[in-house]
Every structure is written in C-alpha cells, then in structure tokens.
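**Q** Below you'll find the structure I mean.
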Amino acid sequence: MPTDVERWKSEVYGTEIREHLFRFAEEGWESIPEDERDAWFERFKWWGLYHQRNGQESYFMLRIGTPNGRLEPGQLRVVGEVAKEYATGPGTNPLFGDAYADFTTRQSIQLHWIKLEDVPDIFEKLEANGLSAQQACGDSWRNIVGNPMAGDDATEVVDAWPVIRELNETFKGNDDHSNLPRKWKVSVTGTPDGSGQGDINDLALEPAYKEIGGERTVGFNVRVGGGLARNEPRFARDIDVWVAPEDAPAVAGGLSALFRDHGDRENRYNARIKFLVDEWGPEKLRRVLQEEYVDFELETAGEDVRDQYTYNAGGEGRNDLLGVHDQKDGSNFVGLNVLVGRMGADDVIELADLAEEYGSGAARLTQRQNVIVPDVPDEKLDAFLAADLLEHYSPDPSPFMRGSVACTGTEFCSLSIVETKNRQVRFARWLKQNVELPDGVDEFHVHLSGCTASCAQPQIADVSLRGMKTRKDGEPVEALDVGLGGGLGEEPQFARWVTQRVPVDEVPGAIANLLANFDDQREGDETFREFVRRHDDDELAELVEPEETSYDDPMMHNTKRTWYPYAEDDSLDGSPAPSLADGTPITSDD
Amino acid sequence: MSVSLRVLDDGAWVSVNDAREVSVSELWRLDAPAFCACDLPDFVVENVLAVGVDGRTIDAKVYGQCIACGETGVPGWIPVGRLSDGEFTDIDRERSVLAVRETAHD
Ligand code: HEM
Ligand code: SF4
Ligand SMILES: [Zn+2]
C-alpha cells in the first residue's frame with residue numbers, strides 16, 4: 001500500500017505547491033484546514049520549508065540550497081539580511097542571539113523561526129538575487145555538494161563546477177526526477193583531496209583518468225549508494241564506470257531514473273539507493289544502467305586519485321578548507337571557521353562587507369560548516385586577515401574549534417533526542433581550555449548529532465557523538481553514545497561505537513581521558529585513526545573513561561520536553577506557538 | 001467517525017487527526033518480557049515505525065533501546081493513547097507502565 005506521503009505527492013506536488021503556499025501565506029496560518037496540515041507541511045518541504053518541532057507550531061525552518069556551497073557576489077549579504085529581518089521568533093539563543101544563519105554539512109543554509117506569512121517576501125528577495133529554496137527538501141535531487149572552490153582551486157584536476165551547474169539546472173524542478181522514492185544526494189568533486197565527501201552520498205563523481213582514443217582524459221569515476229542515516233551507514237560503492245564531464249548528466253540522470261523506477265516505495269526505511277545496491281550488487285546496478293538507462297557504451301572505471309585524499313582523513317595534508325590557499329588565477333581563498341556552522345545575522349552582513357572589500361563579494365560554504373572568502377589578491381591578504389571579525393571566525397582556530405561539527409538538535413528538530421549546537425560550543429570551549437593534543441597532532445574532529453539521522457556526519461569523525469538518554473542518580477538525563485576512529489580518505493572508515501549512553505556532563509572528561517591515554521600509549525607518530533584501528537572495542541571502551549570535570553552542562557534534562565530549551569519558562573504549556581504573523585499567540589478555545 | 005493516524009517526518013512523531021501527539025525521545029517504562037532481560041525496560045523511543053488503532057486504543061510500533069541494558073529493537077505494539085469520540089486522549093506515557101500487547105494490527 002502506498003504511504004500517505006506518496007498519495008499526497010500524487011495529488012499536488014512539485015512547482016504547483018507554490019501557488020497554494022502563497023495563498024496560505026496571504027490568508028494566514030489559520031487558513032490551512034486543520035485536517036490538511038500534515039499533507040501541506042509535507043508538501044511545503046518541496047519549497048524548502050520544514051515545520052519546526054513540537055511546541056513551535058506555525059514556525060518554519062527554511063533551507064536555501066546553494067549548489068556546491070557557491071554564493072555569488074552579493075548573495076551572502078542577502079542571506080544575512082533575510083536572516084536579520086525574518087529569522088527571529090519568540091526564543092532567543094543564549095550564544096547566538098535572535099537572528100542567525102546555519103551553514104550545513106551539505107553546503108546549504110538554514111534559517112529558523114520563519115513565519116508562513118513572510119514567505120512570499122522572502123522568496124521575492126531571494127529569487128531577485130538568484131537564490132532559491134526550491135527542492136532543497138523532499139524526495140528529490142538535494143543540494144549538490146563538492147569542493148566549493150571548484151573552478152578556482154589551484155589543486156583541481158578537473159573543473160566540477162560546469163557539471164554541477166548543469167546537473168542542478170537539468171534535474172532541479174524536473175518532473176521526471178522530482179518524485180523519487182527518497183532523497184537523492186549527489187557529490188561531484190574535481191580536486192584530488194576528497195573534499196567533496198563523495199563516499200557518503202547516494203551518487204559520487206570523483207576525479208579519475210582514462211585512456212580515451214589514445215589520450216589520457218580526465219573525467220569522473222562513479223560510485224553509488226553511500227549514506228549515513230539510521231544505524232545503516234554505507235560508503236558509496238564502485239560501479240566500475242568512468243564518465244567524461246560532458247556525459248555526466250546522462251549517467252547521473254540515468255542513475256536517478258533507475259532509482260525512481262527500482263527504489264522501494266513501499267517502505268521509506270528501505271528506500272535509499274544504498275539498500276538497492278546492497279540487494280543488487282554493483283555489477284547488476286551497472287548492467288541495468290547500461291541496458292535500460294543510457295544509450296551509449298559506458299566506459300569502465302579509470303585511474304582514480306583516491307590515494308591523494310586528505311579531507312577529513314585524519315592524516316597529513318588538507319583535512320578541511322580553512323586557512324589561506326592558492327587559486328588558479330593567482331589570488332587566494334581564505335577558509336574561516338564558523339563554530340558549529342552558526343553565524344549571527346549581523347556577522348553575516350559584516351562578512352559580506354569584508355568579502356566585497358577584499359575579495360569579489362563571493363563566498364563559499366563547506367561540508368564542515370565553514371565559510372570561505374575567495375578571490376582575495378595577495379596585496380590585500382594581510383589587511384583581510386587582520387580584520388576584527390576574523391578573531392571570532394578564524395582561519396587558524398584551535399583544533400577543537402576547527403574540528404567541531406554539530407547538527408540542529410532539540411532546539412528545532414523533531415527527530416532529535418538531545419541538545420546539540422550550543423552543547424558542542426561548550427564542549428569545544430572547555431576542551432580548548434583544558435586539553436592539549438599530543439605532539440604533532442593538530443587535527444581532531446568531534447561531530448555531534450542529535451539522533452541517528454546523522455546530519456552532523458558523526459560516523460566520519462575521530463570522536464563521534466550521538467544523542468541518547470540515560471539515568472544518572474535515578475533521573476533521566478541527556479546522554480551521548482561515543483564512537484571512535486571514523487574518517488574519510490583513500491580507505492574511509494566508520495567510527496566504532498565503543499561506549500554507550502555517557503551522561504552529557506561526563507563527555508568532555510571522557511574525551512580528555514581518551515586523549516591522555518592516546519598520548520601515553522601512542523606508538524611513534526601514529527595518527528588517532530591508526531591508534532583506534534590497532535585496538536579492539538573493549539580496549540577502546542577502557543580508554544574512554546567518562547568523568548565529571550569542571551565542565552558544567554546546563555541542559556542535562558530533557559530539552560525536548562520544552563517548547564524552547566533556552567526560554568525562561570521553557571515548559572511546553574508555556575509555548576507561545578502557534579502564533580499570528582506578528583507573533584501574537586493564537587489561543588485555542590478548547 | 002474516522003480518525004487519521006500517521007507517522008511523519010521519517011518516524012519523528014505520530015499524528016492523530018493532523019496534530020502531533022507522540023514524539024521520539026520520550027522515555028517509557030515498558031512491560032515487555034520478550035524485549036530484554038530487564039524487569040521493566042527503561043525504553044527510549046528513537047523512531048516511530050507504525051501506528052494503528054484497535055478498538056479505543058491507539059498503539060505504536062517503535063524502534064528504540066533499553067537504557068538499562070542497551071538492548072535495541074522493536075518491542076511490539078505499545079499503547080500510546082486512547083480514542084474517545086474520534087478525539088485523541090493522552091495517557092501519561094512517561095509516568096506509567098506501558099504493556100506490549102497483542103493487537104489486531106498485524
Ligand atoms: C529541522 C531540522 C531537520 C530535520 C527535520 C531533518 C530531517 C532529516 C531526516 C529525517 C533525516 C534522515 C533521512 C534518512 O533516513 O535517510 C536526515 C538526515 C540527514 N540530514 Fe537532516 N534534518 C534536519 C536538519 C539537518 C541539518 C541541520 C543538516 C545539515 C546539513 C541536515 C543534513 C542531513 C544529513 C547529512 C543527513 C544524513 C543523511 C545520509 O547521509 O544518509 N539535516 N535529516
Ligand atoms: S541528526 Fe537528528 S537531531 Fe540532528 S538535525 Fe538531523 S534529524 Fe535532527
Ligand atoms: Zn533492558
């Protein structure tokens with residue numbers, strides 16, 4: 001039996017949702033018929049709007065998809081201005097204030113507390129500036145990711161940007177590909193550092209060389225079926241196909257059509273293509289693709305550059321895109337650390353000013369939730385690096401700041417089990433003050449996800465943290481499962497979950513003890529990942545040693561049972577939602 | 001009277017007549033002898049898989065784990081609320097014992 005979601009999609013879906021959305025915006029939140037709310041909220045996702053969690057009714061998260069994390073000159077300012085004007089609500093975040101933008105692990109932007117009534121004005125402003133929220137959510141092509149400096153990065157072997165742009169233009173809003181069994185996440189990378197993180201996407205195009213007509217030609221190898229969600233992580237699998245850049249849309253479209261026709265529509269939990277690859281194997285996938293979905297002979301895989309991958313790999317070389325790097329045109333790009341990806345709206349606008357003054361006005365977003373200012377000429381570099389704002393958004397931060405990634409969590413997300421972003425900020429600050437990394441270790445990644453959906457990509461970090469609960473002195477408290485030794489690179493590896501349900505206030509102590517044990521027992525200059533690989537799970541569990549320390553966690557108790565964790569009266573009964581366009585609470589009469 | 005029951009946002013919550021009623025992250029005390037060795041499993045709801053109505057009882061099938069022993073899985077159908085005149089009535093799920101039941105749903 002098709003699910004309700006499938007049925008709603010068959011009734012009204014795709015671009016036509018927009019006119020309904022605008023009508024509801026015009027007539028106000030209460031004009032959505034009560035018995036149609038589930039259906040409309042599901043459909044709104046197609047236009048980038050997610051209804052926020054329980055207790056925050058009538059407020060939406062808005063996701064702006066920026067293909068490859070690319071913001072053209074002027075767009076960062078628009079994001080800051082939209083955030084400042086519209087992304088405010090009844091709750092104030094104690095660390096980030098009233099209006100902020102989140103840069104996500106898929107190189108998109110998320111704004112919170114958006115009122116339905118403001119959506120037409122927001123869309124008008126975004127669209128007038130070449131930005132869009134369309135199809136950033138829902139069962140369709142998601143925002144395409146990659147190295148955000150594609151086309152400019154001096155290390156690049158093939159320019160991925162024209163391919164990404166064409167895929168985006170061809171498949172976004174394309175009726176043949178807008179109703180897939182499940183989301184479809186694509187990564188296209190042209191640099192040899194692995195910074196597109198292809199391995200954790202449904203479809204990955206990675207740079208590779210192939211002899212074509214006697215010429216060594218650069219194009220992409222194709223991998224399929226990666227993803228992290230639901231305790232079922234998979235790395236994308238090699239399907240033995242090389243594709244020339246000009247044929248990439250045919251192959252990528254063939255694969256999404258194959259997924260459309262063969263993915264599991266009966267069971268959403270089994271729908272992602274990773275499960276189809278499990279079932280069929282890469283050979284059958286290749287055969288069906290060849291026979292039914294492309295009309296030219298597929299090449300076999302070319303010679304890849306995976307042995308050069310360093311991004312989030314835990315070893316030497318570029319583990320992220322922070323700091324100053326060369327562009328092809330002789331100028332520089334400067335990666336700045338945005339702790340947990342959240343930036344106050346005023347700071348976004350100030351950064352837009354700096355980008356205009358010292359660069360071209362363009363900006364880029366990375367999969368580690370950071371921001372890049374490109375096109376900074378050598379002669380302006382020192383002045384840019386001396387700007388006050390860069391003290392807070394540093395190109396060279398402490399490893400604990402640099403390594404932090406966190407998802408949305410109980411602040412807004414309905415799937416969450418624990419508070420995340422503010423907690424990760426507290427963790428990072430405490431670690432920076434209290435813990436030294438062993439000699440020669442200057443990268444240490446800690447990723448915190450509020451549930452198994454794994455939006456913060458916890459399984460590919462040195463220390464993976466995932467939301468859980470436990471009891472402490474009989475009382476239920478927020479807790480984290482702790483995993484170790486994950487990362488990407490030539491041979492990617494998922495973290496092993498070695499210690500379960502550590503009360504959140506004991507987690508910084510656990511990391512401190514783990515690092516002390518690593519320092520003590522380290523062999524030569526082995527990396528943390530190598531160290532983890534050499535031990536079995538029980539040995540590792542012993543090295544973790546959770547412990548209370550000077551770290552104090554103010555959000556131990558059930559932040560999900562609040563309407564907003566940081567409100568003075570945080571009880572669900574105290575919620576001001578739903579509210580009218582101006583924020584006045586709507587009181588129900590029952 | 002017809003009632004609409006759905007699991008939405010990838011198993012984040014149960015909708016009854018287009019209102020959010022039961023959500024992941026709740027901590028339930030279960031009477032579920034087959035689930036784990038604990039007397040009354042102390043169970044965190046991580047994902048809602050299905051919802052059904054059997055007479056006046058609304059039951060949910062959920063994935064989660066016992067935080068006392070770490071066992072994970074799906075304990076079976078668990079009563080999460082009641083229906084009267086087509087309206088949902090909450091039960092205090094976090095402060096009562098919820099007994100896994102045989103139902104007509106499967
Ligand atoms: C309102 C908040 C959010 C909601 C309701 C939400 C919803 C979800 C859901 C339901 C999944 C599981 C999908 C599955 O089962 O395949 C998921 C996974 C994911 N989401 Fe989100 N999400 C939210 C915020 C975010 C944020 C802040 C990011 C960061 C970019 C993000 C990026 C991802 C990623 C990377 C995954 C993992 C998917 C995979 O690789 O398999 N989401 N999200
Ligand atoms: S990992 Fe879970 S808690 Fe975090 S944003 Fe994703 S769905 Fe929400
Ligand atoms: Zn148990």
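The backbone N, Cα and C atoms fix where each Cβ goes, glycine too.
All TrEMBL annotations are machine predictions without curation.
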**Q** I'm validating the feature mapping. Which of A:191-215, A:466-490, A:566-590 is tagged region 'Disordered' in TrEMBL?
**A** A:566-590
**Q** Below 8 angstroms Cβ to Cβ, which residues of this chain, lying six or more residues outside the region 'Disordered' (A:566-590), approach it?
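**A** For the region 'Disordered' (A:566-590), the far contacts come to 28-30, 54-59, 89-94, 115-118, 411, 422.
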**Q** Please work out which recorded stretch in A:54-89, A:137-293, A:325-386, A:401-546 has the most C-beta pairs separated by under 8 angstroms from the domain 'Nitrite/Sulfite reductase ferredoxin-like' (A:96-128)?
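**A** Ranking A:54-89, A:137-293, A:325-386, A:401-546 by Cβ pairs under 8 Å to the domain 'Nitrite/Sulfite reductase ferredoxin-like' (A:96-128) puts A:54-89 first.
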**Q** Under the DSSP assignment, what numbers of helix, strand and coil residues are found in the domain 'Nitrite/Sulfite reductase ferredoxin-like' (A:96-128)?
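**A** For the domain 'Nitrite/Sulfite reductase ferredoxin-like' (A:96-128), the helix, strand and coil counts are 13 helix, 12 strand, 8 coil.
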